[in-house]
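A short write-up of the structure that comes next.
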Amino acid sequence: MLAKPDQANQPKLLVDGLAKSYGPAVALKPTHLAVEPGEFLTLLGPSGSGKTTLLQMVSGLVAPTQGRLFIDGRDETQTPVHKRDIGLVFQHYALFPHLTVAENIGFPLKMRGLSSADIQKQVAGALEMVQLGHLAGRFPRELSGGQQQRVALARCFVYKPAIILMDEPLGALDKKLREHMQFEIKDLHRKTGATIIYVTHDQEEALALSDRICLMNHARVEQIGPPHEIYARPRTAFAADFIGISNIFRGRVECGADGATHLATASGRLRIDGDNLANDAEMALVVRPEHIELGSAGENEVRGNVAEIVYAGSETRLLVEVAADERVTVRVLPGKPLPKLGENITLSWKPEAAVLVTP
Amino acid sequence: MTTTAVSHAVSPAPRRFRFGPLWLAAPGLAFLAVFFLVPVARLMGLSLEDADTGALTMAHYARIFDTDVYFRVLLITFRIAALTTLFSLLFGYPLAYWLARLPEHRRGTMILLVMVPFWTSYLVKSFAWVIVLGRTGVINQIGMGTGLLSEPLELLHNEFGVMVGMVHAMTPLAVLTMLPVMTGIDRRLTQASGTLGATPAKGFWLVYFPLSLPGAAAAGLLTFISSLGFFIVPALLGGRQQTMLAQLIIVQVQEILNWAFAGALAALMLTTALVTCWLYDRVFGLSSLSGEPSDGKSGRKGVLRGLGLAVLDALAGVSSAVSTGANRVLGQAVSTRMLAFYCALMFAFLMLPTLVVLPIGFTSSQFLEFPPPGYGLDWFRTYFTSDLWVAATIRSFGVAFATAIVATAIGGFAALALARSNSRWRGLIFALFLAPMIVPRIVIAVGLFYLFAQMGLVATDVGLVIGHTVLALPFAFVAIAAVLKSYDWRLDQAAATLGANRVQALRFVTVPLIKSGLTAAFLFAFITSFDELTVAIFVSGGVKTTLPKQMWDDMILQLNPTLAAVSVVVFIVVTTLLLAAERLRRSSQA
Ligand SMILES: Nc1ncnc2c1ncn2[C@@H]1O[C@H](COP(=O)(O)OP(=O)(O)O)[C@@H](O)[C@H]1O
Ligand SMILES: [Mg+2]
């Protein structure tokens with residue numbers, strides 16, 4: 001059973017084995033998750049990985065097949081949506097087309113029975129916060145996409161829900177506006193100290209915004225941690241591949257008699273560190289492009305021909321064919337000498353820069 | 001803060017009973033069960049019972065086929081219904097074709113020229129034809145006046161009169177039924193056939209026509225079923241030889257009180273209607289009734305399909321040759337205008353007879369002359385000072401208002417339920433709410449009469465409202481379901497997350513957003529009740545008549561200019577409401 005969390009550092013949200021199936025199709029396997037007060041947690045994963053399902057179960061719009069959910073320590077699994085103190089920002093905003101901007105923002109306050117004077121004051125404050133005071137009387141269809149997004153945010157922040165959920169809120173915006181809105185959301189989070197669960201399939205967005213990222217795949221949580229940790233210490237090949245650019249060498253573990261362990265890959269035998277690795281186990285070694293150096297400099301080396309040179313502004317990327325159909329990406333900073341196309345070169349990295357993951 | 005994943009045993013979520021959305025349809029289902037299914041079924045039951053002993057018997061059916069008179073009525077009914085269907089389709093198809101090809105906003109306007117005659121009371125329309133076709137009617141007056149005719153033509157009280165009235169009454173229904181399928185046909189398909197080398201005529205017969213067939217067939221189905229149950233037109237425009245089944249049923253119930261025999265006749269009519277529906281479903285699938293693309297059933301029939309294609313091929317060849325010839329003789333410009341010209345004629349046919357009634361309401365003459373010798377408000381004065389007429393008018397407004405409220409509420413909840421549900425019962429419930437449109441009104445009316453007689457609801461306003469609600473429900477239901485089709489349910493979810501409970505979400509979000517659909521439903525239900533006669537004939541007994549019932553009684557007894565004055569009022573009320581409803585319906589779709 002669940003040990004009663006102690007009052008002082010009680011999580012804002014505790015997801016205890018929530019799961020959802022639609023008939024035989026599993027949308028989310030039993031999932032455990034704790035979100036701290038004031039935290040910005042991002043659910044990141046490819047389409048269909050169960051992010052929306054998890055979010056909707058937290059909001060109460062979808063009933064779980066099993067599991068429980070606690071907000072501030074209270075079991076809210078059975079609480080109907082409208083009594084659950086949460087806010088949800090929809091992907092396409094879901095602004096009420098028959099209400100003005102001010103009336104949209106005032107809606108949750110009206111539902112909570114506030115006096116119209118209070119509503120007016122708080123709506124004005126919320127409009128101020130998203131810099132839309134001059135558009136209070138407009139209807140949603142008279143606003144641009146970015147403005148509609150801000151109204152949706154204001155409508156959610158105005159009643160200070162215990163948890164704010166956002167399901168790909170920037171998905172409908174173009175890239176420039178999206179980056180701008182990311183700042184605004186981050187800023188709102190700082191100003192209000194709200195607890196936010198944010199859904200996206202865009203890894204850059206997740207890295208930029210989150211205190212922690214909850215990486216999801218195949219209807220389950222793959223890994224949870226702060227962005228830098230997930231980037232630097234992925235636990236699975238999927239995590240390494242989904243976030244940032246990774247070079248992944250797959251192979252079998254060979255435990256040598258001398259205690260040294262190697263991974264036999266298509267690109268050669270690579271030295272790995274690791275305790276109690278089973279001989280012959282399938283593993284993968286992840287090395288980020290920025291950690292690979294040109295030339296021989298350590299124990300781990302691979303050789304290959306330069307197959308492609310890609311100029312990317314702040315850096316140049318080399319694609320080096322180290323085995324049949326296996327290419328390694330290498331970053332070369334500006335000013336460093338570049339090899340020629342087709343040249344056979346040696347690549348190396350420091351052992352501590354490589355991460356051993358399950359394939 | 002690094003307690004990321006809490007791992008322990010999964011506790012099951014206790015199941016909570018949830019009211020599924022389908023429950024919202026419960027009032028409507030109960031209502032239809034009691035006041036539609038039960039009475040119709042009971043009537044069918046009566047037809048199989050011996051009136052005295054209650055034993056099972058086929059005697060009543062045997063009597064229909066044994067007695068020459070009844071059998072002849074049966075044949076005449078089928079003949080008139082079939083001919084009406086044929087002509088309505090022939091006349092209506094080009095009109096629908098023309099409308100379908102208009103740009104959307106113009107179609108919206110032109111379609112009103114079909115909608116107005118569609119919703120105009122059958123009584124007013126038939127009355128108009130009496131004035132136009134009568135011995136001293138408009139046509140004979142003009143013919144004699146211009147010397148074209150040496151003696152008046154007999155245009156009334158024969159099959160010609162009935163057919164004119166029936167085709168006039170049914171063509172709007174046919175056009176409005178086939179139009180959605182035709183507007184759904186991708187225009188690029190005929191363009192594509194042009195680029196592939198087909199002449200326009202060939203493109204039409206080989207591409208457009210087969211695609212429009214489900215719509216035309218749906219129109220045929222509804223026209224045929226509606227025609228089967230007609231009695232106003234044959235009673236007013238036909239002679240003894242044109243007595244139809246529904247008239248026979250009315251006589252059996254009202255004059256002879258032979259419920260069992262009336263039940264047998266009704267069962268025959270209902271069976272024919274249902275068999276027609278079944279046949280249609282087999283060939284086209286009932287879904288094409290609502291304008292959705294056919295589910296491909298028509299594509300499977302090997303032999304039939306081959307035969308059909310061969311016929312179309314031949315038609316395409318012939319009409320291609322004819323139109324090429326016509327183009328050569330008349331010139332391209334003239335032959336493209338032919339269709340528009342034809343449609344203008346059809347609009348005149350549909351609208352003019354009713355418009356003839358309007359001036360007659362203002363006649364100063366004692367007779368139904370056209371053109372009126374002088375004008376005055378005498379007949380309106382007669383109308384508005386007659387207690388009988390005024391009481392009937394007030395009752396009609398009251399009953400229509402109550403009907404509209406009840407039908408909109410029941411139909412609205414049902415539409416809401418079906419829009420949100422994905423239960424496997426959905427299709428069946430949907431069909432049930434539309435069924436009062438398919439089952440001939442006379443069958444429903446007689447069934448209700450029998451039920452009401454037992455419940456003591458005959459000659460009560462409550463009885464009238466119930467009966468009219470059964471008939472109006474499909475219209476209200478369809479109007480609301482149409483708006484809900486494009487409704488964004490995430491708005492309700494948003495309202496819920498913002499703290500609105502179900503009732504608040506309905507009140508502050510859903511209802512305001514589908515308001516136009518609700519108002520349209522209200523208006524359509526109002527109109528349906530306001531000029532409803534069939535139920536009123538049985539249920540509004542004695543002095544408690546409705547406006548259509550009073551008109552009917554007067555028309556049977558003696559035509560007089562007061563009827564014209566009443567017709568003017570009915571026409572104006574119905575047309576105004578219709579235009580309002582159409583406007584709302586359209587603004588909601590924009
Ligand atoms: N209402 C539903 N009925 C059936 N399957 C669903 C339903 N909603 C979601 N799913 C399935 O559940 C899985 C997870 O969906 P979702 O949570 O929407 O993924 P994400 O938001 O990560 O893209 C998908 O495979 C999806 O097809
Ligand atoms: Mg999603």
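Each Cβ is built from the backbone N, Cα and C atoms, and glycine gets one as well.
Since the structure is predicted, the reported quantities are computational estimates derived from the model, not experimental observations.
Pulled from TrEMBL, these are the features on record:
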- B:74-280: domain 'ABC transmembrane type-1' (DOMAIN)
- B:393-581: domain 'ABC transmembrane type-1' (DOMAIN)
- B:21-41: transmembrane segment (TRANSMEM)
- B:76-99: transmembrane segment (TRANSMEM)
- B:111-132: transmembrane segment (TRANSMEM)
- B:160-182: transmembrane segment (TRANSMEM)
- B:203-236: transmembrane segment (TRANSMEM)
- B:256-280: transmembrane segment (TRANSMEM)
- B:339-368: transmembrane segment (TRANSMEM)
- B:388-416: transmembrane segment (TRANSMEM)
- B:428-453: transmembrane segment (TRANSMEM)
- B:465-484: transmembrane segment (TRANSMEM)
- B:505-527: transmembrane segment (TRANSMEM)
- B:562-581: transmembrane segment (TRANSMEM)
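Between the transmembrane segment (B:21-41) and the transmembrane segment (B:388-416) there are at least 3 Cβ pairs closer than 8 Å, counting only pairs 6 or more residues apart in sequence, which means the two stretches are in contact. The stretch from B:339-368, B:505-527, B:562-581 with the most CB pairs below 8 A to the transmembrane segment (B:388-416) is B:505-527. Between the transmembrane segment (B:111-132) and the stretches B:203-236, B:339-368, B:428-453, B:505-527, the greatest number of Cβ pairs separated by less than 8 Å involves B:339-368. Tertiary neighbourhood of the transmembrane segment (B:339-368): same-chain residues 91, 94-95, 97-99, 113-114, 116-117, 120, 124-125, 127-132, 134, 138, 168, 171-172, 374-380, 559-561, 564-565, 567-568, 571, selected by CB-CB distance under 8 Å and a gap of 6+ residues from either end. Proximity of distant same-chain residues to the transmembrane segment (B:428-453), defined by a Cβ-Cβ separation under 8 Å and at least 6 residues beyond the stretch ends, is recorded for 22, 25, 28-29, 32, 35-36, 38-40, 42-43, 46, 225-226, 228-229, 231, 246, 249-250, 253, 259, 262-263, 266, 269-270, 273, 277, 286, 411, 414, 417-418, 460, 463, 466-467, 470-471, 473-475, 477-478, 534-535, 537-539.
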